[in-house]
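Trainee: Okay, handing you the structure first.
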Amino acid sequence: MTENLIEVASVLAAAIAVGLGSIGPALGEGRAVAAAMDAIARQPEAAGTLSRTLFVGLAMIETMAIYALVIALLVLFANPFV
Amino acid sequence: MTIDWWTLGLQTVNVLILLWLLARFLFRPVAKIIAERQAAAHAALDEAEAAKVAAETARAEAEAAKQAVLSERAEKIAEVRKDAEVEKQRLMAELQAELDKARVQAKEDLARQSKAQEEALSEQAGVLAGDIAERLLARLPKEARIAGFIDGLVEAVGALPESTRTGIGLNGPVPLRAAQMPTEAEIAQLRDGLGKILGRAVEIEVTEAPELIAGLELDTATAIVRNHFRADLDRITAEVRKHD
Amino acid sequence: MDNPLSIEPLFHIGPVPITQPVVVTWAIMLALGVFSFVATRHLRIIPTKTQTVLELFVSTIEGQVRDVMNGDPKPYRALIGTIFLFILVANWSSLIPGIEPPTAHIETDAALALIVFVAILWFGIGTRGIKGYLATFAEPTWVMIPLNIVEQITRTFSLIVRLFGNVMSGVFVISIVLSLAGLFVPIPLMALDLLTGAVQAYIFAILATVFIGAAVAETPSPKPQEDISQ
C-alpha cells in the first residue's frame with residue numbers, strides 16, 4: 001500500500017508539474033508571438049530576422065516547459081523512493 | 001536517474017574525434033579555398049586596378065601628346081600670323097610713307113602751282129591795273145602829261161646828292177625821255193628849272209618814249225631820275241607782288 | 001513503455017559496455033568524416049554545387065561567430081561548427097527507423113556540454129591568463145564571486161537539460177503517439193521534431209559561442225537569455 005501510495009503520489013506530482021509548469025511558458029510564448037506579430041506588422045521588411053529570432057526565443061521559452069517535463073519524467077521513471 | 005559514465009566518456013571522446021575529423025577534412029580546406037578565392041579575387045581586382053591605372057596613364061600620355069601637338073600647331077600658327085602681321089605692318093608703313101611722300105609732294109606741287117597761279121594772277125592783275133591806269137591816263141590832255149611832271153623832276157634832281165648833281169650835263173646835253181615831244185615852252189621851263197637847281201645852264205636832248213605814259217625821265221651817265229607813270233605803276237605792281 | 005532515461009548496453013568490448021548512442025555516434029562520425037573527406041578532396045577556385053553549399057555553411061558559421069564575439073572567428077570555427085553539425089545530424093537521425101538520436105540520452109548532451117565547459121576555460125585562460133580569467137569572476141564586485149561560479153555551473157547544466165529535454169521529449173511523444181496510432185498521425189509531430197532539432201542545434205551552438213565570447217571578451221559575461229532575445 002505504501003509503495004502504491006508513492007506511485008500514486010508520483011503520477012500526481014508529474015501531472016501537476018507538467019500542468020503548472022507549462023502555464024508560464026505558454027503565457028510567455030503568447031506574449032512573444034504577439035510582440036513579434038506587432039513588430040512584423042510595423043516593419044514587414046524585417047519579417048525574416050524577426051521570425052528567426054522569434055523561433056529561437058520560443059525554443060528558449062519552451063525549454064522551461066521542457067524542464068517541467070524532465071522533472072515529471074524523473075518522478076515517473078527515476079523516482080528514488082520507488 | 002542513472003548516468004552511464006562509460007557512455008559519457010565514450011561520447012566525449014567521439015565528439016572530440018569528430019571535432020578533429022571535421023576540422024581536418026571540412027573546415028580547414030573549405031576556409032582555405034575561400035581565402036584562396038578571396039586572394040585570387042583581390043589579385044584580379046588589383047590587376048584590374050593596375051590595368052585601369054595603366055590605361056589611365058596611357059590615356060593621359062596620349063592626351064598630353066595631343067595637347068603638345070595642338071600647342072605646337074597653335075604656336076606655329078601664331079608665329080606665321082606674327083610674321084604676316086609684321087610683314088603687313090612693314091608694307092603698311094611703306095605704303096604709308098609712300099603715301100605721305102606723295103601727299104607732301106602733291107601738297108608742295110599744289111602750293112607751288114597755286115603760288116605760280118597767284119603770281120601769274122598778280123602779274124596779270126598788275127598788268128591789268130597798269131593797262132587800266134594807262135587807259136585812264138590816256139584820257140588826260142596831252143599837255144598835262146608833261147607839264148605836271150616838270151616840277152617833280154626838278155625837285156627830284158634837287159634831292160640828289162651834290163656829287164651826282166654836279167656831274168649832270170657836263171658831257172654834252174642831258175638826255176631826257178618824255179611821254180611825247182614837249183612843246184618849246186615846256187622845254188624852256190625844264191631848262192630854267194634845271195638851271196636853277198644845278199646853278200648852271202644845261203642843254204637838253206629830248207627823245208620821245210610813249211611807254212612812259214606820262215611824265216619824264218632824266219637819263220644821265222651818273223644818275224637816272226624817273227618821274228613818270230610807268231615807274232609808278234611798276235613800283236605799285238612790285239609792291240602788290242611783294243604783298244602776296 | 002521503455003524508460004527514456006536509462007540505456008542498456010548492446011554489447012561489451014572487453015570491460016567497456018557499448019550502448020546504442022555510442023554506436024549511432026560512430027555511424028554519424030563515419031558518415032560525416034567520409035562525406036567531408038570526399039567533398040573536400042577536389043576543391044576548386046570555381047566551386048561545384050557541393051562546394052558552394054559547404055562554403056556557404058562555413059562562412060555562415062564564421063559570420064555568426066563574428067557577429068556574436070566581435071572578433072576573429074578562426075579559432076572557434078571548427079568547435080562551433082562541429083557542435084552544430086553533430087547535434088543537427090544526431091537530432092535528425094531519428095528519421096531513420098529504429099534509430100534513437102544520441103542526443104536523446106543525457107550522456108551525449110553531457111559530453112557536449114563538458115566540451116563546451118572545457119572550451120570556455122581553455123579560451124578564457126588562453127586569452128586572459130589564469131589570473132585574468134579568475135578575475136572575471138569578481139566582476140562587477142567580489143560579492144558576485146559565488147554567484148558567478150554558480151552561474152558557470154548552472155548554465156552548463158542548463159545546456160545539458162535543454163538539449164536533452166527537447167530531443168528526448170520529442171522522441172518520447174512520438175513513441176507514445178506511435179503506440180496509439182501507427183499510421184500518418186505521428187507525421188506532424190515528426191516534422192515539429194525536425195524543426196525543434198534544428199533550432200536546438202542552433203541554440204546550443206550560439207550559446208556555446210556566447211559563453212566562449214563572454215570568457216574571451218573584455219566586458220563581463222552577459223546573461224545568455226539577453227543575448228538570444230536581442
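Each position is counted from 1, following the chain as shown.
Each Cβ is built from the backbone N, Cα and C atoms, and glycine gets one as well.
Predicted automatically and left uncurated, TrEMBL annotations should be read as such.
Sharing the record's features from TrEMBL:
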- C:20-39: transmembrane segment (TRANSMEM)
- C:76-96: transmembrane segment (TRANSMEM)
- C:108-125: transmembrane segment (TRANSMEM)
- C:163-187: transmembrane segment (TRANSMEM)
- C:199-217: transmembrane segment (TRANSMEM)
Trainee: Below 8 Å between Cβ atoms, which of the listed ranges C:20-39, C:108-125, C:163-187, C:199-217 makes the most pairs with the transmembrane segment (C:76-96)?
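Mentor: Ranked by Cβ pairs under 8 Å, first place goes to C:199-217.
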Trainee: Give the one range among C:20-39, C:163-187, C:199-217 whose Cβ atoms make the most pairs under 8 Å with those of the transmembrane segment (C:108-125).
Mentor: C:199-217
Trainee: In the same chain, which residue numbers or ranges, 6 or more beyond the ends of the transmembrane segment (C:20-39), come under 8 angstroms Cβ to Cβ?
Mentor: 7-8, 10, 50-51, 54, 85-86, 89-90, 93, 99-102, 104-105, 107-108
